[in-house]
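Q: The following block contains the structure, expressed as structure tokens.
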Amino acid sequence: MTPASFDAGVEHPESSCPFCIIADEYPPYEPSNPPQDDTTLDPNRIPTPAFVVLSTPTLIAFLDILPLSKGHLLLCPRTHRPKLTDASAEESAEMGRYLRVLSNALARTTGVEDWNVLQNNGAAAAQVVMHMHFHLIPRPEIRASGRYSESFTMFGRGTRDELDYEEAEQFAKELRENVADVLREEMHKSRL
């Protein structure tokens, strides 16, 4: 599949939604062959930089700008969907597939083998951006260091830091390459 075969004309009803802005600005690409040029995924295409790690016709994934740990990702449908129950069957199936692919690629990129996958529905459930999304949060072993309590490792709680933009650009590139590797390995296995 080539980038030209994707429909980039998706309309988003929430012009102020930060995730819709990201989805509108960054075109889909074939995840097993991410773009190598610096302009397609330039983080500075929008006022608050976005570090895209996956962009399909249906979904987009990018680094959280206030991460709980290095590699904290968000995965959401391109179309504005406030809650998980608003997602289409196609979006839900593709999110399920890419949650596993992104988890594998994230572990390879960070070297961290433990992570959380979280999803909140509505303000009472701690959803801040009302565009349905999953959090993938690497959880390095920190209990032994004594820096944080064990509650840090549960339910997406913890101290958030601002994303280091210089580090994020290289990290996102490495993560895209690992996503492509995971997908190519899956294709190879399916042919055997």
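Every residue gets a Cβ built from N, Cα and C, even glycine.
Bear in mind that TrEMBL entries carry predicted annotations, made automatically and left uncurated.
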Q: Any idea which of 26-30, 86-90, 96-100, 131-135 is down as motif 'Histidine triad motif' in TrEMBL?
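A: Among 26-30, 86-90, 96-100, 131-135, the range TrEMBL annotates as motif 'Histidine triad motif' is 131-135.
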Q: Counting only residues 6+ away from its ends, which parts of the chain sit with a Cβ under 8 Å from the motif 'Histidine triad motif' (131-135)?
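A: Distant contacts of the motif 'Histidine triad motif' (131-135): 14, 17-20, 64, 68, 72-77, 80-84, 86-87, 95, 99, 116-119, 121, 156.
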Q: Check each residue in the chain of His133 (active site, tele-AMP-histidine intermediate) that is at least six apart in sequence and keep those whose C-beta is under 8 Å from its C-beta; list them in sequence order.
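A: The list for His133 (active site, tele-AMP-histidine intermediate) reads Phe19, Leu74, Leu75, Cys76, Gln119, given in order along the sequence.
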Q: Which residue counts does DSSP yield for the motif 'Histidine triad motif' (131-135) in the helix, strand and coil classes, in that order?
A: 0 helix, 2 strand, 3 coil
Q: Give the residue counts of the domain 'HIT' (39-148) per reduced DSSP state, in the order helix, strand, coil.
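A: Helix, strand and coil residues of the domain 'HIT' (39-148) number 34 helix, 24 strand, 52 coil.
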